[in-house]
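Colleague: Below you will find the structure I want to go over with you.
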There are 2 protein chains.
Amino acid sequence: MSNPEQVLNKQSKINQDHWLDEVRVFAPATVANMICGFDILGFAVDKPGDEVYMQRVGNPGVRIRSIKGDDGRLPLDPDKNTVSACVMMLLAHLGLETEIGVEIELTKHMPIGSGLGSSSASTVAGLFAINTLLGNPLTKDELMPFCVEGERLACGHGHADNVAPALMGGITLIRGSQPLDIINLPVPDQLVAGIVFPQVDVPTRDARQLIKEKVSLKDAVVQWGNIAGLVSGLYRNDYELISRSMHDVLIEPTRAILIPEFYEMKRIAMDSGVLSFGISGSGPSVVAISKGFEAAQLAVDRIQEHLTANGIESLQFVSAVNAEGPKVLS
Amino acid sequence: MSNPEQVLNKQSKINQDHWLDEVRVFAPATVANMICGFDILGFAVDKPGDEVYMQRVGNPGVRIRSIKGDDGRLPLDPDKNTVSACVMMLLAHLGLETEIGVEIELTKHMPIGSGLGSSSASTVAGLFAINTLLGNPLTKDELMPFCVEGERLACGHGHADNVAPALMGGITLIRGSQPLDIINLPVPDQLVAGIVFPQVDVPTRDARQLIKEKVSLKDAVVQWGNIAGLVSGLYRNDYELISRSMHDVLIEPTRAILIPEFYEMKRIAMDSGVLSFGISGSGPSVVAISKGFEAAQLAVDRIQEHLTANGIESLQFVSAVNAEGPKVLS
């Protein structure tokens, strides 16, 4: 996988004849960790996701025209907004920052701070949109390091566990980070994610700080046995093995503390016949992973019912694993 | 995977008409950990290995007739010898301990205490031989828990990372230990192991004690990224990915201290074009893993030359991954 520095001489591939006037793209939400694979696994979902409309204008520079669905939480200042900052970064790398002008409309179809890779979806949508607008000078592999850098701008740390599945689609493995080595894993054809976002605030930073810096080797062995089992189950399309493997003995016990009703939600989900249940990313969203839609839908319906009875508002999303990543809508 | 307790009513499957008078079996040496997969991965090799000749006799009980190739280090007392103790354990479970008499000749074709699963090879050879002699009342899956129990008798701990590949053949993943969950992973067709055993003493117990009980989560993430990458590489037959993944950042740095010339051997191996190099099990044997025989052979020849120049005697074994596990020789 190339670093931003290695994406050289891309100018030569930039042909203004291929530039578009406008583009509308969708980039998917993502479930980082995939329950047992802390910081290395993640998958994209068909919904929710973010939408970016990008229009080329005569006046050079990058501007945010509007943001919808964010309850006024995201900045319109192009230097501070994730989407525009990423677009500017890529344009600077391509030597085009003074040549091109774009205006952006961002529509968030997903909650912010929910553990569903909200900033990654925006980052990927913005970068995918500008690359499409320029006639695709970069491949997805070449775009990836910019997505990681965008995540760093947005969150202060350049983890790829959300941007990798958001950009590549499907289930991704971050084999290594230095250098970045991302592997697309096979997606079992009936794998469905039922997501519930309890509307409580769990900042990623707090969730990260809770995690202990040292873990017992014994627990780590259990964890990597499960990770190896999950990867194997994905290649074999073996839902039983996937189910047996998707247990997190290291991170869940601490992060679950921040999520109200976590263990009751888990009990409800498992009773509904899903393969596994856990935290999406750093939470507070939780995810039930099932074979087929029925169990996932049942699980999230029952979980929402339970949360409502306990005075906690929530959103639900039930979706297949998204195979393609971002896509052009028009 | 069944526990010894779950292997019930096997008597009903025992048909004396199928009993053999004698059998000679081979069980393979094994490379536990497979460099990055501490306590969960392992593979069997075509050579070296152990040979057990077992003969049915009129006088009930289990006796050791002879042991060759052990330099007099192994006990002839049937209660203390691993092979006979395992055979007695299985016979007791089958309710046959007073009905049948067997005499055993054990030939060790591999060094003891070398990190090549010497006791596991004997355990598996003994149990596979008695099961064959009785007309195979147990499947390999049913035999596995007895192998783990045999390893506990031999070593004081019931790890399956050597007995699993020794019995099942190929590359095995111990997804979980409680209950035992063993997965056979695909074996890339050109995978070759070049093993060098430097003749220095590293008791498994010392090697285990060196390992820290706590590890940093950061290192653990690197390790399980590599484990997931290796498993993925095996399914894809992707030697590049296998090579990038086979790094051990957790165990090797401490265990390497006990192995003379470890880092120089590693440099020599990598310079010879192998995919990876590391410690076999708890050492002191080291293993170079390559695509095809040439690089592995070159690596072990050069390593032996280097050890000889430094006054260290050594043995070498170059072998493909053994796909079948134990086999009947006659």
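Just so it is clear, glycine is given a Cβ too, placed from its N, Cα and C backbone atoms.
According to TrEMBL, the protein carries these features:
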DOMAIN    A:81-170  domain 'GHMP kinase N-terminal'
BINDING   A:P111, A:I112, A:G113, A:S114, A:G115, A:L116, A:G117, A:S118, A:S119, A:S120, A:A121  ATP binding site
DOMAIN    A:231-307  domain 'GHMP kinase C-terminal'
Colleague: Can you tell me how the residues of the domain 'GHMP kinase N-terminal' (A:81-170) break down into helix, strand and coil by DSSP?
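Modeller: Residue counts for the domain 'GHMP kinase N-terminal' (A:81-170) by secondary structure: 50 helix, 8 strand, 32 coil.
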Colleague: Among all the protein chains here, how many other CB atoms are within 10 A of the CB of A:P111 (ATP binding site)?
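Modeller: Excluding its own Cβ, A:P111 (ATP binding site) sees 20 Cβ atoms within 10 Å.
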Colleague: Write out, in the order they occur in the sequence, the residues of the chain not among A:P111, A:I112, A:G113, A:S114, A:G115, A:L116, A:G117, A:S118, A:S119, A:S120, A:A121 that have a C-beta within 8 Å of the mean position of the C-beta atoms of the recorded ATP site.
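Modeller: For the ATP site the neighbour list reads A:A29, A:M110, A:N162, A:G281.
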Colleague: For the binding-site residues A:G113, A:G115, A:G117, work out the Cβ neighbour count at 10 Å and name the residue with the minimum.
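Modeller: Candidates: the binding-site residues A:G113, A:G115, A:G117. Fewest Cβ atoms within 10 Å: A:G113.
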Colleague: Determine the mean pLDDT over the domain 'GHMP kinase N-terminal' (A:81-170), rounding to the nearest whole number.
Modeller: 93
Colleague: Tell me which residues of the chain lie with their Cβ under 8 angstroms from that of A:A121 (ATP binding site), as long as they are six or more apart in sequence?
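Modeller: A:A121 (ATP binding site) has long-range Cβ partners A:A27, A:P28, A:A29, A:T30, A:G49, A:D50, A:M110, A:N162, A:A166.
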Colleague: Mind checking how the domain 'GHMP kinase C-terminal' (A:231-307) divides into helix, strand and coil residues in DSSP?
Modeller: 45 helix, 10 strand, 22 coil
